[in-house]
Amino acid sequence: MVFPVTYNLVIIICRSCFTELQYDYLSIWLSLDYLCDILYILDIVANFHTGFLKEGILVTDKKQIARRYLSSSKFRWDLLSVLPTDFLYFKFGIHTPAVRINRFLHVQPLFEAFDRTETRIPYPNVFRICKLMAYIFVVIHWNSCVYFALSNYIGFGKDEWVYPNISDPDFASLGRQYVYSFYFSTLILTTVGDVPAPVQEEEYLFMTADFLIAVLGFATILGSISSVVANVNDGDKAFYPDYDQVKQYMKMYKVNKSVRKKVIAWHQHLQINKKMTNENQILMNLPEKLRVEVAVSVHMSTLSKVQIFQNCEKGLLEELVLKLKPQVYSPGEFVCKKGDIGREMYIIKEGKLAVVADDGVTQFAVLGAGNYFGEISILNIKGNTSGNRRTANIKSIGYSDLFCLSKEDLKEVLTVYPDAKTILEEKGREILLKMNKLDEKLAAELEAKQLEMEEKVQRLEANLESMQTKLARLLAELESSAAKILQRIKRMEWEISLWEEEPTEDKPTDKSEDEE
């Protein structure tokens, strides 16, 4: 619907004001007019078959759809836009395209297409600028058509303000007429050039209206451009670290120059190469399922390259994908050093890292994209002779993008997938055996100790349950005894109260006997 709506908005006014255009290409215009009318009618028919959401559920019942569309204001505007006003050609003539002015009412599909395109394309800010330029073009186009029509009404060449006399060969062609009018309108609406002073009252009114439109347009353009720039800046702040705060911090605490250069180079690398270190925060507003799907589509191929995670459950990998944390290392920076306690594993996404000697210069091996290291350190494998400590020095050769998976995150996920935990530990043992870093005797001893400990825990739990049962019985007996004692105390109080009342009742009887 973008084509017919744009065609009617742009061409009808142009044909009405530039009569030569209407006369020279009449057959083309009539064909396009009725093609657009057919598309308008098809759009109305399509609206009778377009479902809508009711309480979050898509309604596809045709009766409900038709009832809703017929009761909407959209149907009334659509109906008015396809009224057969072309019959007015019989009264005003075939060269009066203004009788089709009601086609302007069918503009909602154009705005709907703009809104949907803006949300779907990857560069919405560029689209907003293009849309704004299209609006400006339409406004100037309409203004130029009205200017030419007003010049025709006043008289071509009557003064310097109106369009020059078309009898002059330089201004007689249709192309020159439109280009001159468009140029003149652009000067007025942008207020960037001098234009001849108006003479007639109509010219004054036209200039005044144009100046008001120019003020409104300037405010709109300025606001739109400011909004686009603000969106770009907000996007940069959301995707990349705020360097200004870091810079202020280093200046406040007088950080030495070499460190500041490293920080500046790291930040420039992120900006130039569009690297992100806060993916989880960016996706936080998405629903959990969508967040998982996005993370899986981006990082699943990287995670599946890790040997210990191959052939694992899909659910486990999806959970782990959300735990991956991107990190960027600068040239010469150590990712880990020999003897450090391993608390996370790393997957190389981009860049190269070197396995170096203790001197930090001699290279034993180079790791590239797709390689990983430190996977054994995040699994508590019994019999590991390295004791979960790093066995090598790994240094970044250039800028390296890594994914980090911590032991705590893996442990949290494996509590939900106990079978996967067993599989991962078995794979880890196989890797340690190949590296001759698994003491099977020590592993057996630790396994036996763990089993013994589990048995002790089970016995303690059983004893605890027995003690809880006995304690519950004692509490029940205590409550019963307390209730019985309370009843006995109440009974004794009642009997004592009766004994105290008997002497008071006997005293009046004794006095009467004495009197007798």
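The backbone N, Cα and C atoms fix where each Cβ goes, and this holds for glycine too.
What TrEMBL says about this protein:
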TRANSMEM  132-154  transmembrane segment
TRANSMEM  178-197  transmembrane segment
TRANSMEM  204-225  transmembrane segment
DOMAIN    308-414  domain 'Cyclic nucleotide-binding'
COILED    434-502  coiled coil
(message) What residues elsewhere in the chain lie close to the transmembrane segment (132-154), defined as a C-beta under 8 angstroms and at least 6 residues from its ends?
(response) 9-10, 13-14, 16-18, 162-163, 177-178, 181-182, 184-186, 188-189, 200, 202-203, 206, 210, 213, 217, 221, 224-225
(message) Based on DSSP, tally up the residues of the domain 'Cyclic nucleotide-binding' (308-414) by helix, strand and coil.
(response) 23 helix, 40 strand, 44 coil
(message) Averaging the per-residue pLDDT over the domain 'Cyclic nucleotide-binding' (308-414), what integer do you get?
(response) 81
